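The annotation transmembrane segment is assigned in TrEMBL to 43-64, 76-94, 114-136, 156-174, 213-238, 250-273, 285-304. Residues annotated as domain 'G-protein coupled receptors family 1 profile' in TrEMBL: 57-302.
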Amino acid sequence: SWSFPISNFFFPLPPHLLDCNHTTVTEFILLGLTSEPKLQTPLFMMFLMIYLITLMGNLGLITLIKTNPQLHTAMYFFLCNLSVIDLCYSSIFSPKLLIGFLVEKKTISYSACFVQHFFFLVFVTTEVLLLAVMAYDRYVAICNPLLYTISMPKRVCVQLVAGSYIGGILNSLIQTSCLLPLPFCGPNVINHYFCDTNPLLKLTCSDDHLNEVLLVAFNGTISITIILLSYICILRTVLRTCSAQSRSRAFNTCASHLMAVSLFYGTIFFMYLQPVSSHRSLDKVVSVFYTVVTPMLNPFIYSLRNKEVKGALVKLLTLSLKSNKIPHCYLQVIY
């Protein structure tokens, strides 16, 4: 019978679940994105390309920020940490997803599934909280520009980022601790390409309402409230500004962050706030955007519209050009 003595001590199960026989689950079968044989190779090539672009884009942005003293400000410190999270976040899913396209039976052990689930929650919550921190940073920069350097010193920035990571770890510990003691009655087939919370809850034979409440409360409520309040204050400040040029500059400053937030939250809200009876195959397609596509797009969203990042990149490429490492035409492409 299925049992976790320690977990059951801390999270006692209902009597009707303790009395029934449960199949011991040692591994799960991941159905993946599709079972169509003809699509396996094209999808493998596509997602391999996406993963490589994600690695190069985020590593490139981190390197650019670290090597350019002009980018050693609060905004780019947060952006650098966002790239680190995106690298870790993408690496949780992509290798297993790529292997799944090459093998017929897509299995994952019980322990590996919960390890993946734990780190998924760590990084998704950390990114959610960091996006809220970045919204607050934009609020201070636009609404209190004269006090920006005083309000956002390096010590405060480090504390805000550390708080985001701690919040992500605590949220993951709480949710994983609530999920671990639940009995899995079978079958052990997960209709997904990774161990997400909702597909795992569907395999348990107990009430999953508590976990769903925790999922929404921790992963969305606090963060989206901070983001909305920050941008409401930003909008009020911008509308009071008489200069059209100042308004344009303020909106351009926030445009990249708003785009990233909309893409990330839009897909997450679609996933977790829709009715339970909705089509599961569509869920898998939508989840690709916030697990695989968003980490690839973020470095481009934040850099292509940013003159400082583009200037730093041109400077770096110019130095490489002088040493004859790159062709001159690359500089024209950036501009």
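Just so you know, glycine gets a Cβ as well, placed from its N, Cα and C.
Automatic, uncurated: that is what TrEMBL annotation is.
Note on the transmembrane segment (76-94): residues 47, 50-51, 54-55, 58-59, 61-62, 65-66, 116, 119-120, 123-124, 126-127, 130-131, 133-134, 137, 154, 157, 160-161, 164, 193-194, 291-292, 294-296, 298-299, 302 of its chain, located 6 or more positions outside it, place their CB under 8 angstroms from a CB of the stretch. In the predicted model, residues of the domain 'G-protein coupled receptors family 1 profile' (57-302) average a pLDDT of 82.
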